Amino acid sequence: MMKDKEHVIVGISGGVDSAVAACILIENGYRVTGLHIKVLDHSDDSLHLEKSPLIISDRKEFRFPVFSLNLSGSFRRDVIDYFLQDYLSGRTPNPCMVCNKLIKWKGLLKGADLLQATLVATGHYARIDCGREKCRLLKGTDSQKDQSYFLWMLSSEELSKTLLPVGNLTKQEVRELARRFGVRAAEKKESQEICFVPDNDYREVVKSSRPGLAEKLTGGEIIDTEGKVIGHHAGYPFYTIGQRKGLGISSPEPLYVNRLDPEKNRIRVGGKAMLQCRKLIAGQMNWTGISPPETSTRAAARIRYRDTGEACTIVPVEKERFEVIFDKPKQSVTPGQAVVFYRDDEVIGGGIIVEAISE
């Protein structure tokens, strides 16, 4: 990995992973500059960098300059507004992967341009393997921390300019390195929340964004698989596919949300078997490992972060849309989430789930 004094911009989040990534690069002979991207500053984007007082390590040899770049305006438009609109459209968004593409890498590459750096780096648990013709995105070595699912939107060109120094390490190894490097965040706990969703309660974020929305949608119908009204709900945006709790319905068998109907403010529920899907339709595709398939092709598909994957056939059905046919049914396929395709450890592409098909 060593390239003596090659200049790298490292995305600094304040956590242990990005700090260790920076220190690894320093130890390997890179010239490192940190970039902290501000996204919740309640102001518009800034086109200039500001010196940040952040100090990552207590050891002088692992100290480096850190700048901040304000992308709050872009974050509000490209991430928060998308997040809200998806819920209002009956979908379940994944803002972190959109943020990676449109905010983090946009900001890092902008910082690299302003500071005349050749590469960018982050603390993501994934790997990049660059050959003569292309760069491949691979799973991280630590299967419990692998974040390749969140990076499927990145282009081959973006991958070619990126280093992921902790991708071949386990979390325990990163903690151990952090202590050796004197990283101040060595013992910092990981946040499991979306950064703009307090207490991980997306419903309150949706409600506060649209005054009067909750009152307007309260009382919508809950129907069963035969169309019979069996209850009422608090508003379709506040439910997700596979949800069981909070329905307020008495039933001899557990009931789960299996469809949202924004036009009628209606949700449909049924037994667990109704969550099984053999197919899905995906759009907004990005292919990094292969060219867009013109005929059916095989892969393994993950439909959520912790999904272990399922063998499938990918079939082009129309421009920019593909049908994914699973070898075995998948549970709780959720429109708005990503389906990411793998061959062994390599991410070959992905897309956004448009429709789940139960037949």
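Quick reminder: no glycine exception, Cβ is built from N, Cα and C everywhere.
Residues annotated as active site, nucleophile in Swiss-Prot: Cys99. Taken from Swiss-Prot, the feature active site, cysteine persulfide intermediate applies to Cys195, supported by sequence analysis. Residues annotated as ATP binding site in Swiss-Prot, with sequence analysis given as evidence: Gly11, Ile12, Ser13, Gly14, Gly15, Val16, Asp17, Ser18, Ile37, Gly123. The disulfide bond annotation in Swiss-Prot covers Cys99-Cys195. The feature site 'Interaction with tRNA' is assigned by Swiss-Prot to His124, Gln337, with sequence analysis given as support.
Distribution of Swiss-Prot features across the structure.
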{"residue": "Gly11", "record": "ATP binding site", "DSSP class": "strand"}
{"residue": "Asp17", "record": "ATP binding site", "DSSP class": "helix"}
{"residue": "Ile37", "record": "ATP binding site", "DSSP class": "strand"}
{"residue": "Cys99", "record": "active site, nucleophile", "DSSP class": "helix"}
{"residue": "His124", "record": "site 'Interaction with tRNA'", "DSSP class": "coil"}
{"residue": "Cys195", "record": "active site, cysteine persulfide intermediate", "DSSP class": "coil"}
{"residue": "Gln337", "record": "site 'Interaction with tRNA'", "DSSP class": "coil"}
- Message: Cα-Cα, whole number of Å: Ile37 (ATP binding site) versus the residue listed as 'active site, nucleophile'?
- Response: 11
- Near Gly11 (ATP binding site), how many other Cβ atoms are within 10 Å of its Cβ? 22
- Item | Nonlocal residues around Gln337 (site 'Interaction with tRNA'), in sequence order (Cβ under 8 Å, 6 or more apart) | Thr92, Pro93, Asn94, Ile303, Arg304, Ile352, Ile353
- Using Cα-Cα distances with a 10 Å cut-off, which of the recorded positions Cys99, His124, Cys195 are near Asp17 (ATP binding site)? His124
- All-chain count of other Cβ atoms within 10 Å of Ser13 (ATP binding site): 18
- Message: If I take the alpha carbons of Cys99 (active site, nucleophile) and Gly15 (ATP binding site), what is the distance between them in whole Å?
- Response: 17
- Query: Just the number: how many Å between the Cα atoms of Gly11 (ATP binding site) and His124 (site 'Interaction with tRNA')?
  - Reply: 10
- Item | Neighbour count (Cβ, 10 Å) for His124 (site 'Interaction with tRNA') | 25
- Query: Over all shown protein chains, what is the count of other CB atoms within 10 A of the CB belonging to Cys99 (active site, nucleophile)?
  - Reply: 27
- Message: What whole-number Å value do you get for the CA-CA distance of Gly15 (ATP binding site) and His124 (site 'Interaction with tRNA')?
- Response: 11
